[in-house]
Ligand code: PMT
């Protein structure tokens, strides 16, 4: 049975171009078995009329603070008591500001003030509005009060700018809601995850590295955390903020990464290698900056440890997830890697220059595990991470169940 069966969700809709996605979200929630009622602000109704939501849900839409049709004419109290979860998607910067100071000047804000149910917000706004210190202060204040903030995703926005502020896609929000009602599919599970590149020094100012930005790994760390896991993120040198609730250990070289991982393996249930670890390092590190005297120079390299393979080869290995970065024969090479390194699940991506993988905000993955697989098409890394995290949780529990039976 779906984790959402018979759960009562009040879907709040505030003003923004992303309102059309809430209609898709409503349908997805209903299909997953939830009971859904919808409350719209006046601004939301300027983008999509209540009729659309009424037609999809088969119920009247709540728009007025004082509703003569409601028992005792206090619709906000009835709805506040009815809901098991209030999900506001999209939530605008203005609505978050009003929530943060406890205003109750329309139906939806009054419901939020009157409820004891958890409230989840899926922000959608222009990236500058999201990054504005006023909005960020409101987010912090709301988070401190226990409200859940789901998203926003990064990417191209309706205003033509690119950056954080897009509402999570309906599928990703459905994953979040499911995980919420499942009590966090990874509650009590320890995950160790590597992300970013490594740097292998040549001399005090030069190093060998690669294009990994850490975006995929950081997004996955955040998604696993949202499923309730205790997440330790071993990060190479990247310029990204640590996801909320995640413990981060910064390293530079592959050997440092291996040491940090080995120190975290006690009690580790799931290991995920997203990092693009340098396979080789210079045999000698020059103590002083190398002078350009020769026209041709040879650098002698030696193999770095394979962190993922070592974790999978441990005596009592955690559930092990690897990534495969390939430029051709993606599926076949990834399956070879999965078998050779004896890992439980591999996420393969094409990293040809034009198609991405590295650095970009979007990616596509082919997931392979013993006896199964799934293709996740091109989407934002934040959304891809939510889908992959859900699959990791599902495969991890399947293996645990098999071991215990
Ligand atoms: O960081 P981004 O810019 O967002 O880009 C994301 C990504 C392209 C880096 C990511 O999606 C990805 O593919 N990560 C794995 C990159 C890689 O090194 O792939 P590989 O096929 O060379 O390695 C296979 C697996 O072994 C990986 O899980 C890797 O972490 C692991 N490995 C590899 C070498 C090594 N010495 N130790 C390892 O643990």
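Glycine is no exception: its Cβ is also placed from the backbone N, Cα and C atoms.
Take the CTP site that TrEMBL assigns to 279, 289, 305, 306, 307, 308, 337, 341: the candidate from 319, 323 listed for it is 323.
Put simply, 323 is the one of the binding-site residues 307, 323, 341 whose Cα lies nearest to the Cα of residue 159 (active site, proton donor). On its own chain, residue 307 (CTP binding site) has 194, 254, 257, 258, 261, 273, 275, 277 as residues at least 6 apart in sequence with a Cβ closer than 8 Å to its own Cβ. In this entry, 279, 289, 305, 306, 307, 308, 323, 337, 341 make up the residues listed for CTP, with the farthest two CA atoms of the set 38 Å from each other.
Less than 6 Å separates the Cβ from ligand 1 in the case of 279, 307, drawn from the recorded positions 159, 279, 307, 341 in sequence order. In the three-state DSSP classification, residue 307 (CTP binding site) falls within a helix. All chains included, 24 other C-beta atoms sit within 10 angstroms of the C-beta of residue 323 (CTP binding site). Taking each of the recorded positions 159, 279, 305, 341 in turn and counting other Cβ atoms within 10 Å of its Cβ gives the largest count for 341.
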